[in-house]
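Below is one structure, written out as structure tokens; the observations come after it.
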Amino acid sequence: MTLPDLGALYPDHLRVLARRADEALARGGFDHLVVPSGSLHYQLFDDRDYPYAVNPQFKSWLPLTRLPDSWLVYTPGRRPQLVYHQPHDYWHAVPAAPSGWWAGHFDIQIIRTPEEALVLLPKDPARCAILGEPQSALGGFVPNNPQPVIDYLEYQRAFKTPYEIALMRQAQVHAVRGHRAAEAAFRAGASEFGIHMAYCSAVGQDSNDLPYGNIVALNEHAAVLHYTDLERVAPPSPRSFLIDAGASAHGYASDITRTYAAAGHDEFQALIDAVDAAQRTLCAAVRGGVDYPQLHIDAHLALMAILKDFGVITVSPEAALATGVSAAFFPHGLGHLIGLQVHDVAGFAASDQGGRIERPAGHPYLRMTRVLEPGMVVTIEPGVYFIDMLLDEVKQAGNAASVDWARVDFFRPYGGIRIEDEVLCTDGEADNLTRPVFAAQG
Ligand code: GLY
Ligand code: MN
Ligand code: MN
């Protein structure tokens, strides 16, 4: 896959951001947008810092994920300004001099200490929308995070620019390289930890860069939705492997899940294939105007039809949905918005002026209730799991007869299945960002 020309795409991205900032400032009644990049956080009673996480409002403007104590200032009608903290420091690596496709679009001032930013920020903090965490406060510049400004910017962030989509495609390329290496490590008999290391090595990213902690689960561990414990020893008989792992590209995330069966476990492989086919159908249904919560309900019905076919449930998909039996097997949401954050903001936003679209009753973990619109990127991640805690609740609710428990016993040692891709919503056909990359890296 050829690398995109980010320099060609970035000016339009910046124009979109400026337009959004103009409107957000007008709504909030402010003259300047001021965005600190954030600073290091320290562990309690210790001098060890946590991995630095840049303010997403900052990295929406700039691909600078390792530049603490810096500031972006945008004033309508003017070139954006970047106060760039490059300390004199021989203990740590310091940020290199500004360079890259973005650098020529900013007025950049270098500072050597965080306090030097004060004289470079606008005169009157009261005229500024300051978007950041409390500990970024500097003098009178205390983050005020005005709600009308945040609501507008977060709502609009769901609509990705071509620059952002190019970076999200790159994040897929990095992650798929890791997924290929992880599958090979699984087939070679590696432990969860070994598979994780193979993944990180192939991607060239570790926990400081990855958009979330790798979920690498063998056998029953696949039934733990966010399993991140990473056993150091391989199980004596590997049967199944679920990997949910992404990568970052200049601050943009990918979030991909695949499930594999060990050789000889044909019935579990057939169940994976059925979930995979259903997942593709759901991905293809992504398009402007589709109600995402409805797609989530469609996923329940599709997955329950599979479990019926495989003899795991004894009732119709509709009955399983109505009684909550389906939620025991598929206990999370269909997916979420993704971009600068793996679970991107504003999945519940009713409008760019705030408000919330509630989840449908009985679906407490759905993370996206908006109607799909062109430019959104969502994950589509159906799954089926064999989770004793939830299956006990099925029994307690009087629905034991809806399940063939011998079939649960058969599949329990495999844990579960999840298949997850990113899909770009358009006016026409869905654009699956993930599948073509697996095909190209076959
Ligand atoms: N990796 C977390 C998720 O799929 O949402
Ligand atoms: Mn995931
Ligand atoms: Mn996800």
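Here the Cβ of each residue, glycine as well, is placed from N, Cα and C on the backbone.
If you look up TrEMBL, you'll see 9-155 marked as domain 'Xaa-Pro dipeptidase N-terminal'.
Across the domain 'Peptidase M24' (167-427), the model assigns an average pLDDT of 98. Feature annotation from TrEMBL assigns domain 'Peptidase M24' to 167-427.
Mapped onto three states, the DSSP output places Asp255 (Mn(2+) 2 binding site) in coil. As annotated by TrEMBL, Mn(2+) 2 binding site applies to Asp244, Asp255, Glu420.
Marked as Mn(2+) 1 binding site by TrEMBL: Asp255, His336, Glu381, Glu420. The number of other CB atoms found within 10 A of the CB of Glu381 (Mn(2+) 1 binding site), across every protein chain shown, is 22.
Shown in sequence order, Ile215, Ala245, Gly246, Ile256, Thr257, Thr379, Glu381, Arg418 are the same-chain residues outside Asp244, Asp255, Glu420 whose Cβ sits within 8 Å of the Cβ centre of the Mn(2+) 2 site. Cβ-based neighbour count (10 Å, all protein chains) for Asp244 (Mn(2+) 2 binding site) stands at 24. DSSP assigns His336 (Mn(2+) 1 binding site) to coil, not to a helix or a strand. The Cβ neighbour count for Glu420 (Mn(2+) 2 binding site), using a 10 Å radius over every protein chain in view, is 22. Less than 6 Å separates the Cβ from ligand 2 in the case of Asp244, Asp255, Glu420, drawn from the binding-site residues Asp244, Asp255, His336, Glu420 in sequence order. Each of Asp244, Ile256, Thr257, Gly335, Ile338, Thr379, Ile380, Asp421, Glu422 belongs to the same chain as Asp255, His336, Glu381, Glu420, is absent from that list, and has a C-beta within 8 angstroms of the C-beta centroid marking the Mn(2+) 1 site. Asp255 (Mn(2+) 2 binding site) sits 10 Å from Glu381 (Mn(2+) 1 binding site), taking the CA atoms of both as reference points.
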